[in-house]
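Peer 1: Take this structure, written in structure tokens, and hold onto it; I'll ask about it next.
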Amino acid sequence: MATLIPPPRRKKAKTSHEEEKKQENAIEAPSVVVQFTSADDGSNLGPAVNLPADTPREALEVLLTSSKAEDPVPFSFHLDVQHINANAKPEEQALKASRLPISTNILADALSQKSITTYGLSTEDTFKIICEPQAVFRVRPATRCSSTLSGHSSPILCAAFSPTGNMLATGGGDCTARLWDLNTETPKHTLVGHPSFVLCVEWEPRERMLASGSKDGSLRLWDPKTGSAIGGALKGHTKWVTSIAWEPAHINSKNPRFATSSKDATVKVWSSDTRRLEYTLGGHTASVNVVKWSGEDVLYTASQDRSIKVWSSDGKLIRSLNEHAHWVNTLALSTDFVLRTGPFDWRGSKPTSDEEAMRMAKERYDALVKRAPELVMSGSDDHTLYLWSPLASKKSIARLTGHQKQVNHVAFSPDSRLIASASFDNGIKLWDGRTGKFVASLRGHVAPVYRIAWSADSRMLISASKDSTLKIWDLKTNKIRVDLPGHTDEVYCVDFVADKVVSGGRDCTVKMQAAAVYKPLTRAFATQYKSTPTSPQTNNSRNQSPSTENVASKVRRKLNDGLGLDDFIRGPEHLEDAIQAAKEEREDREDKDRVQLGKTGEPRLPDWLRSAPGATVPTSKSYKKIKNDLRGLGLHTVCEEARCPNIGECWGGSTSDDAQERAHATATIMLMGDTCTRACRFCSVKTSKAPPPLDPHEPENTAEAISRWGIGYVVLTSVDRDDLVDGGSKHFASTIRKIKQKSPNMLVEALTGDFHGSEDSVKTLARSGLDVYAHNVETVPECTPFVRDRRASFEQSLNVLEVAKRERGGLNDPKIEGMQGLVTKTSIMLGVGETDEMIVNTLRRLRQAHVDVVTFGQYMRPTKRHMKVDRYVHPDEFDHWKRVAEDMGFLYVASGPLVRSSYKAGEFFIENVLRGSKKAEVKKAVAELSSAESPLKRRKEEEGLVVSKNDKGELVDLYVPRKCHATGRLITPKDHTSTQISIAQVDANGKMTDGREFIALSGDVRAMGEADDSINRLATERGLLRNVFTYAK
């Protein structure tokens, strides 16, 4: 019996009434104020414009280019959100991107519910849109595997396209390299000759030769036309070859040299003409993982000895970069793309002579570096990356953190605007190619990412992973555009050219992915795009006729005439009037919504605790720099967490132009997180029985931030961590040691907890090299039980200060060789119920414990959940207790209603305690040494410092002239054969008279040298403090 199927239902026609109701419910898109900004120099492209938030991205280009122009330039747009989130907490700031891509429109991408929640955006903000010119051609993403190339019998370890993209070279574990014809996607030549795995292959920039390196340490050159070897194997390395780098075509196009790095800790430079070794670079002490030949004719090498070295092309060491804490795995140059492709561009034109090849390559290189100098990015096993400009400075531009495991590969985009990094944490991160700021995270792989490669137009990125997949990422949306399965095992290598993607891996197959190129919009290559319009030049643009006026001039004229994109959409309207009207409307709305909170009839605080409006608003450059660095490295400060009223004074330091005065700035860094295991009734820090684990990178991050600020004094504090065995003392000590390594003359104060009474923890911290050991008793003994947590006591706190002083000694009686005595410090809150007699007895007990410094401050109730203020102490009483404490013999006393335990600590201690003590000891030591008898002939004071040795090589005398701190620096010969060390005169630029450079170290006796520990011991015995009289290794 047949079953009847009912006919499909007809869709009910919408009535006109429903359509009208839908239109009535439609919400009109809000308007936003947009400021277009150049990505090249950060300049504003004319005044701000008022645009509908739903304006499509394509329509934004109307304002920056003209459809009638002969050479239209496509742009990408990003919303700068860094300045909007400047007040976010450090841990929140680290998780947020510095900019958002505008792929659809501002309403969908920036004002979505997620963006509003994450970044706090609103239509009241001025939207800063970063405009970046894109390549004038567009690469279409690969969507399928066009062929599978079989031939290798072992895993594919390396793959590289030729500069023109016409040939492909691969190397594998079957001891062979292979050449493939990409026109037919078939094997062309099998290169046989290596006795072991072929680990790396690299094309000569003009595609005339191919170099390959093997696991046995041998190298071979091949003719790609015939597939035959050029001569025999090049032997010199004793372990396997890790990378190969050719001399750029614009430097040497006729007979380029090439450099190789090896596991044997050396780098060798070879001649491709004579096939002989020219020289060996042997400065590294561990495996050299990568070598790069720069377009500035220098070599960069990265090693497992944690250093990056810069070499001249004739083999001389220029400088060493030593900021990584673990193996340096990878390097990338911002010019890698143009160096690799040399004189070849998209049109396929080939140079006919060596001179023409050098000229074409030079033009392409100069076009790229004209906007910004060549930069270097390094990735390490310490989970971090560093951005460098090595020829300008040995200090990094930025330290990039965010990866949770070792960084395996980094790569600059062809236009050098973005950097991509691949890590074993399964993720890829994007960074700004100029500043190193975080842009976005690309998540999709489920296993470590091994390699990444960029498309020629810088719009797409491809990644290869252990999860056996390739993924193509769209940089306009920062999302996966195409997922390319096909491999059956791990993918070890990947490369991307204009129309092809190649990959190889553990499954012993080479796969080609189809990727065709669109018709170019103009006759230009990827790196020869138009620059972003610069700042408005109205006079020049107005004088040009409409027929000859270029695109940039049209943009400036339109914007300066007060016309915005809404003029084209809603009709002409004056921009200035629109902005002014919106501003007045906002101000009226704010006035209506504003309410006054609290008691209005009487002040909540006494007069001496109220400051004039705006009086304490911090605005100094030192304050802003410290705040930005804290945000970037995700560090906590008590200054901000507790909303200290003195933050502007401490972080800002002095306003003088003198560098020494500016060094008085002080910052208080809170280590080990912001969650305490105790619950004191006066403290507003959040509490938990099980706070988060310690960050192992916090010591390095803290030292890095502090080294950037140029401050003279830093206070390290922490919450109580009773959940840790040692209370966190080892973590604390590690941070101090790293700070001292990066900034030897920095004064460090540690404001610690009581470590639950553990004397071993206190001793660990006292021996770490800190200058001031601070622990707050908080209040008098009688008030301690109801003010502090039950696990804390006055006796326990007093014992902490006593143990620290016994371990290191005082300023006049140091106990540890090579370290000065310790200053101990504590703080007392007033206004919690204490009496005068209690305060006096507490001060007496502190002096009996040899505490040097005490501060007094007013207790301020953080919230209604905390204990009440007993009374507000008058400033005259604070002055009284300052005099009482000074009369008792305290080395320094800070007393006032707003004084906190680290209030302007740097300025006071530098001037009154530590610096003065050091100066006195150094002057005494210099006087003693100058009058000492020397077995050498007495030399004039102007000649410098002399160290003499006996026949056994032992130091027997050290002579320091009275004027050495003003006339020169200590220099030692590199071969260490001379028994004499002399002061060399230097000019105003810090150069020696013989032209050698030196490192200037601060201190009262300024010296530098590669002296051994015996000199340091002698200096200590003669009274010279090691952290003042410094020898740099």
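Note that Cβ sites are derived from N, Cα and C of the backbone, with glycine treated the same way.
Features from TrEMBL:
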BINDING   C676, C680, C683  [4Fe-4S] cluster 2 binding site
COMPBIAS  528-551  compositional bias 'Polar residues'
DOMAIN    659-891  domain 'Radical SAM core'
REGION    1-29  region 'Disordered'
REGION    528-553  region 'Disordered'
REGION    582-618  region 'Disordered'
REPEAT    149-190  repeat 'WD'
REPEAT    191-232  repeat 'WD'
REPEAT    234-280  repeat 'WD'
REPEAT    281-312  repeat 'WD'
REPEAT    400-441  repeat 'WD'
REPEAT    442-483  repeat 'WD'
Peer 1: Can you give me the average pLDDT across the repeat 'WD' (234-280), rounded to a whole number?
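Peer 2: Its mean pLDDT is 93.
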Peer 1: Excluding near sequence neighbours, so keeping only residues 6 or more apart in the same chain, what lies with its CB under 8 A of C683 ([4Fe-4S] cluster 2 binding site)?
Peer 2: C676, P862, H866
Peer 1: Quickly jot the same-chain residues contacting the repeat 'WD' (281-312) by Cβ under 8 Å, restricted to those at least six beyond its ends, or write none.
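Peer 2: Those are 239, 242-248, 250-251, 258-269, 318-322, 324-333, 335-336, 338-339, 365, 369, 374, 376, 378, 380, 388, 390-391, in sequence order.
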Peer 1: By a Cβ-Cβ criterion of under 8 Å, what residues six or more beyond either terminus of the repeat 'WD' (400-441) are in contact with it?
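Peer 2: Distant Cβ neighbours of the repeat 'WD' (400-441) are 39, 82, 94, 97-99, 101, 132, 135, 326-327, 329-338, 368, 371-372, 375, 377-387, 447-458, 461, 463, 465, 473, 475, 478, 526-527, 529, 633-634, 697, 701.
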Peer 1: What is the set of residues, excluding C676, C680, C683, whose C-beta falls within 8 angstroms of the centroid of the C-beta atoms at the [4Fe-4S] cluster 2 site?
Peer 2: R678, A679, F682, S684, V685, T687, V719, D720, D789
Peer 1: Within 10 Å of the Cβ of C676 ([4Fe-4S] cluster 2 binding site), how many other Cβ atoms can be counted across all chains shown?
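Peer 2: The answer is 21.
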Peer 1: According to DSSP, how is the repeat 'WD' (442-483) divided among helix, strand and coil residues?
Peer 2: 0 helix, 24 strand, 18 coil
Peer 1: Enumerate same-chain residues with a sequence separation of six or more from C680 ([4Fe-4S] cluster 2 binding site) and a Cβ-Cβ distance below 8 A; give 'none' if the list is empty.
Peer 2: E778, V787, R788, D789, A792
Peer 1: Quick one: DSSP breakdown of the repeat 'WD' (149-190) into helix, strand and coil?
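Peer 2: For the repeat 'WD' (149-190), the helix, strand and coil counts are 0 helix, 24 strand, 18 coil.
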Peer 1: Where does C676 ([4Fe-4S] cluster 2 binding site) sit in DSSP terms: helix, strand, or coil?
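Peer 2: SS state of C676 ([4Fe-4S] cluster 2 binding site) = strand.
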Peer 1: Do you know the DSSP helix, strand and coil residue counts for the repeat 'WD' (281-312)?
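Peer 2: Reading the DSSP string over the repeat 'WD' (281-312) gives 0 helix, 18 strand, 14 coil.
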Peer 1: Tally of helix, strand and coil residues over the repeat 'WD' (234-280) according to DSSP?
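Peer 2: Taking the repeat 'WD' (234-280) as a whole: 0 helix, 22 strand, 25 coil.
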